[in-house]
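As recorded in Swiss-Prot, the features of this protein are as follows:
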{"type": "DOMAIN", "residues": "63-201", "note": "domain 'Flavodoxin-like'"}
{"type": "BINDING", "residues": "69-74, 116-119, 152-161", "note": "FMN binding site"}
{"type": "DOMAIN", "residues": "235-449", "note": "domain 'FAD-binding FR-type'"}
{"type": "BINDING", "residues": "323, 357, 387, 388, 389, 390, 405, 406, 407, 420, 421, 422, 423, 600", "note": "FAD binding site"}
{"type": "BINDING", "residues": "520, 521, 526, 527, 528, 529, 530, 562", "note": "NADP(+) binding site"}
């Protein structure tokens, strides 16, 4: 593709620079050129002292595209749609839900939302404030808005794509016009997303005038993060080396927690505290063999996966999820096999969810035996997806390494030991110096304060302590003078104090100002981190009044909700507020990025 250059007098480039630019981009597609525009815009605005232009009010033809992402999938879909729209010469403003000024929603004419769901039907962390606002009485009428929603979820959870459903339903209730029916996509979302993106482009091309995308539409919020500019992605991971696999719980602990160190070599892979490490794993060969034998299948039977033909056993080991059952798998297996044991569950969503949650796929087959063809088995299963682990290190200290904290999942089903797919792969089946495929999942919604003087409160029981190890390494390297406070909990002090020596050193050296520990099984009555929060409520409120940033990491379904309830009680009690005002205060902290959560 070539473009006619303007007269040299009008250019800020020398003739030699212009020639190099034209040579470098002569074969770029319109989509690639649009992406490059956003890339350069991002570079300009990350230069020291660079001023970001104040964006003028969006004209009626600008499409607002909101990305509400938890693990990065929704963001990738939104970025791909942005590129499609720019290639179609449509103006689009891509913005993360956490950066969106939601009170301007009444002025939107064209609104596209790509939303994932976390936990039990909750919106992603960056979209909590927007979700709460839209579902509240404060939400305005949207009679002049047209919208479309793409939802991402996981059918292994009961409230599949609930956040997307909430946005779609509420926007319609507020009077907005639905451009397209909502799409709810499972973990294998790519094909559905591609088809939906094309439909969105077609509808919008017919609706708005075509014009060259203006610079204002490619805003800093939609620009490329330079840290993220890497050839290694979820689809094209880095082959790294596992260098350390160390059990960090005691001999008598009920938990098996591993400290894992991975050598990134000279790949140049960069991350920040708060990011996650994606790990591609293989299923246990013994589990694969057990499943094959139960179904009377041969491991060497050739099957087709995508464009590849490979043995069935290899396909099961590398390409399909075997350790997480879902209601859909149970229902489809029951229908396919006409199993007398499972057919009574069909049509009862609650019973299907309960059965799937407590019965792994291999045990479902054992309890309801059948004989399947290889293609029938693969048709039941979901594609294998990588697991994400909160990074427990800072490159300011460990350089070309990345550390994670892995709680190994182990349980018994009628005397048979079962284990989590990725956690047992890392703990049991990878020897030191073995290769492991990894990538960085950046998380801009879990970041240290920009100013090193800001106090930090960290709440992370169990393996939720991982990112706070990274935070402290970074704060130490930066010489940050802000106070640091850690709340940590686990069953037993003697067996389960993860990274104990490191925390004690930070306390001794004064970097860790306070540490409050909750050992749930070391006394007759159970004590959890939320109890410590209530106990230290007055001091916690003082820190918040001083501008402290508050972070929570760990279990989404119970711990994070219990911690949030304790925080609300503290805010109400020591801030002199009623429950509604305390909730509003915490929401404001979230909007200001002073209350951030990494929950799963």
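Each Cβ is built from the backbone N, Cα and C atoms, and glycine gets one as well.
Note that the coordinates shown come from a computational prediction; the quantities given were computed from them, not determined experimentally.
Structure with Swiss-Prot features highlighted.
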{"residue": "72", "record": "FMN binding site", "contacts (Cβ under 8 Å, 6+ apart)": "234, 441, 442"}
{"residue": "119", "record": "FMN binding site", "contacts (Cβ under 8 Å, 6+ apart)": "157, 556, 557, 560, 599, 600"}
{"residue": "160", "record": "FMN binding site", "contacts (Cβ under 8 Å, 6+ apart)": "117, 153, 154, 184, 186"}
{"residue": "323", "record": "FAD binding site", "contacts (Cβ under 8 Å, 6+ apart)": "283, 287, 360, 361, 418, 419, 420, 421"}
{"residue": "389", "record": "FAD binding site", "contacts (Cβ under 8 Å, 6+ apart)": "276, 277, 279, 404, 405, 406, 466"}
{"residue": "407", "record": "FAD binding site", "contacts (Cβ under 8 Å, 6+ apart)": "255, 256, 257, 423, 462, 463"}
{"residue": "529", "record": "NADP(+) binding site", "contacts (Cβ under 8 Å, 6+ apart)": "459, 461, 487, 488, 489, 516, 518, 559, 563"}
Any idea what the model's mean pLDDT is for the domain 'Flavodoxin-like' (63-201)?
95
Considering Cα atoms only, can you say which of 69, 116, 387 is the nearest neighbour of residue 528 (NADP(+) binding site) among these binding-site residues?
387
Can you figure out which of 116, 521, 526, 527 (the binding-site residues) comes closest in space to residue 387 (FAD binding site), comparing Cα atoms?
116
In the domain 'Flavodoxin-like' (63-201), how many residues does DSSP assign to helix, to strand and to coil?
58 helix, 32 strand, 49 coil
Per DSSP, residue 520 (NADP(+) binding site) is which: helix, strand or coil?
coil
Which state, by DSSP, holds residue 421 (FAD binding site): helix, strand or coil?
helix
What is the total of other Cβ atoms whose distance to the Cβ of residue 116 (FMN binding site) is within 10 Å?
28
Looking only at C-alpha atoms, tell me how far residue 527 (NADP(+) binding site) is from residue 69 (FMN binding site), rounded to the nearest Å.
33
Per 10 Å Cβ neighbour count, which of the binding-site residues 387, 521, 526 ranks highest?
387
Nearest to residue 69 (FMN binding site) in three-dimensional space, by Cα, is which of the binding-site residues 520, 521, 526, 530, 562?
562
Which of the three DSSP-derived classes (helix, strand, coil) applies to residue 389 (FAD binding site)?
strand
Since the record lists 69, 520, 530 as binding-site residues, which of them has the fewest other Cβ atoms within 10 Å of its Cβ?
520
Helix, strand or coil at residue 323 (FAD binding site) [DSSP, three-state]:
coil
What's the CA to CA span in angstrom from residue 562 (NADP(+) binding site) over to residue 116 (FMN binding site)?
23
Helix, strand or coil: which one is residue 405 (FAD binding site) in, per DSSP?
strand
Which whole-number value in Å describes the distance between the Cα atoms of residue 116 (FMN binding site) and residue 526 (NADP(+) binding site)?
35
